[in-house]
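Written out below as structure tokens is the structure these notes cover.
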Amino acid sequence: MPATAPPILDFSPFYGTDAQAKAKLVGDVKNCCLHNGFFQIVGHKVPAELQERTINCVKEFFALPQELKEKVHKNQTTWNRGYENLGSQILEAGTQPDQKEGFYIGEEIPTTHSYFTQKKLNSGPNQWPVGLADPSAFQSTSMEYYKAMHALARDVLVVIAQTLGLAEDYFEKGFTKDAVATLRYLHYPPQQKDGDEKLKRGIGAHTDFGSVTLLMQDEVDGLQVWEKETSEWLDVVPTKGAYVVNLGNMFMRWSNDRYISNLHRVINKSGKERYSVPFFYSGNPDYVIDCLPNCRAEGEEKKYPPITVEGAVGGSYKASYGAAEAWKKELEGKKTGGAEVKVEAIAV
Ligand SMILES: O=C(O)CCC(=O)C(=O)O
Ligand SMILES: [Fe+2]
């Protein structure tokens, strides 16, 4: 059978009473988690109208004059909220900086909150742009969508718990309490059709850092998922209203590598502007990630020592920005005849 992009699963049985349909959903999700940790869902409860309003916010923000975007630059915070220029991150060693610009949003955490004072995982106040038609609508829509993503992530985790034979509320007992998550608005300008595919990426091949990612794509394609069985990149053709769901590195570690955090990338060769909205669910920063039950055969050792969510997610994040800085220094070095800086392989 030819390899296909992540299957589209109907999530609606999760909200219904049909036990057989629920069991099928759990079985399908399990197969995907074992295969490459990627699936797509329709039949969720996020209103299409809210998705559309959110995508409109994304487009309006990136259409702002550059100086207005830079007024809310994320470098003005140490907690990574706000605008990020094109080319700020390298997610694939050996490629040029990623051809995307972004805007980061998270929980509105006041500077008096312990998450802020203890510098927990990107926690702090958001930065909100000015110059939009209705700045307060941008803010309220963004936060409404952010909350809807939290709810959907928790529902997906209930199903994932069941795929491992765990109680439905397994993750709700601590992991999802006061959980940290990041919503990211992304814009990928069109890349030249004859561009060097090997070196230019919208986002270089990478795996995500956290537990689960929920991605809304607009109608322009470009996302590809690595298929290890056939060694090829499979296009994830956008399906209106669907979420691409994938497991991140922390979940893979948590499951003793039973479930997969898989490589994916974006190359925007469509000739059109591409927009997407990933939501990265990290979890409670103090929660300790230690091999989940039912993830080891009799007598099999744990592969990893326990680590907090903060420890697992925080480190990978820093590495990907360090690589882009190193690349820029290397260029400068070449121009001035200075010493070359080697771009390190990135552990993401
Ligand atoms: O834009 C996309 O389709 C994918 C984005 C992504 O993989 C990421 O931000 O980690
Ligand atoms: Fe990703």
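Every residue gets a Cβ built from N, Cα and C, even glycine.
Fair warning: this is a prediction, and the values are worked out from it, not measured in the lab.
Copied over from TrEMBL:
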DOMAIN    178-283  domain 'Fe2OG dioxygenase'
Exercise for the section: By DSSP assignment, list the helix, strand and coil residue numbers for the domain 'Fe2OG dioxygenase' (178-283), in that order. Expected result: 6 helix, 46 strand, 54 coil
Practice task
Could you pull the average pLDDT for the domain 'Fe2OG dioxygenase' (178-283)?
Solution key: 93
